[in-house]
Amino acid sequence: MNLQSDWAALTSLTSSQRLPPWMGATRTSNGAWKWNNGISVSSAYWANNEPSIYGDCATLRSNGLTACPCYSLQPAFCKMQPQLCNGGKFGGPNIQSGSISSPGYPLQYYNNLDCYYQIEGPPGTYITIRFDPFYVESYLDYVEIYEGNTTSKLIGDLDTYMPSKTGFESNSNQMLVYFHTDSMITDLGWSVQWAAKKSSSPITEMGRSGSMNSPKYPGDYDPFLEQLYYVTAPDGTRVSVTFDDFSTEQDNDFLEIYDGGSISATLIANLSGHAVAGKTLTTSGNHLAMRFITDGDMQYYGWHMTWTSS
């Protein structure tokens, strides 16, 4: 009703009605006026000295909205966008990235939606997604993220306004996103960037000494990493590692260190945060394995270490 043509058409229709038509706005139990989608009625729509106390429904006169009684057979006018989903299949065997958004974004999404978005990347990849922004009615409108192309394995959900965790990843080249909205309040919705990534090749060093670092160090590492490192020293020696620089997202981006030649060996340290520099660790034998894992939320410059054998 913010368009002059809409206003003129509605006032012409309502002036010819014997029973005042309802305009989709009612007074709530606490005295507030709401449209039927839960949004507050702007004061700019009301006629002078309205809304009055003489009714809990709103009708339209030539000078604006007025309060009127709620009649059981009262005709109604309503203008709404169609409640349509924009879901479907995204990506494909030759596509590595893309974007998806809620219906109508950046305008408000619709009520009563159940939308499915099927993401597929090239074979041999895994899918990462990050929501930015994310604005929904808390707990009643929500997004669920599933592994693969069915709803059998839930890997994440977002159901609060501006959630703290907005990044997720799959173990395969397929991911399913489900968006549900109820019949009441709506919001601006969400936009998501997705990418299909290949697992990185392990980094291997052999000899008596060397150095290793996180990908892109001293620049910020990427989100959704899983990088393996292997060190092999001469037989009969032990491997000592010393970190001279270390900065990662506490608890969520971390470096695992194993006392052996694979990540099935004994875990001797799990390092994260900003207080690791200066730390030294020593294995019981001549093999060392490490795994660096990051999520999708915050990135730092990572870490650098030197290693020696003795």
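Positions of Cβ are set from backbone N, Cα and C atoms, glycine also.
Taken straight from TrEMBL:
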| type | residues | note |
| --- | --- | --- |
| DOMAIN | 1-79 | domain 'C-type lectin' |
| DOMAIN | 85-197 | domain 'CUB' |
| DOMAIN | 199-310 | domain 'CUB' |
For the domain 'CUB' (199-310), what are the DSSP-based totals of helix, strand and coil residues? 0 helix, 55 strand, 57 coil
If you average the pLDDT over the domain 'CUB' (199-310), what number do you get? 95
Composition by DSSP (helix, strand, coil) of residues within the domain 'CUB' (85-197): 0 helix, 59 strand, 54 coil
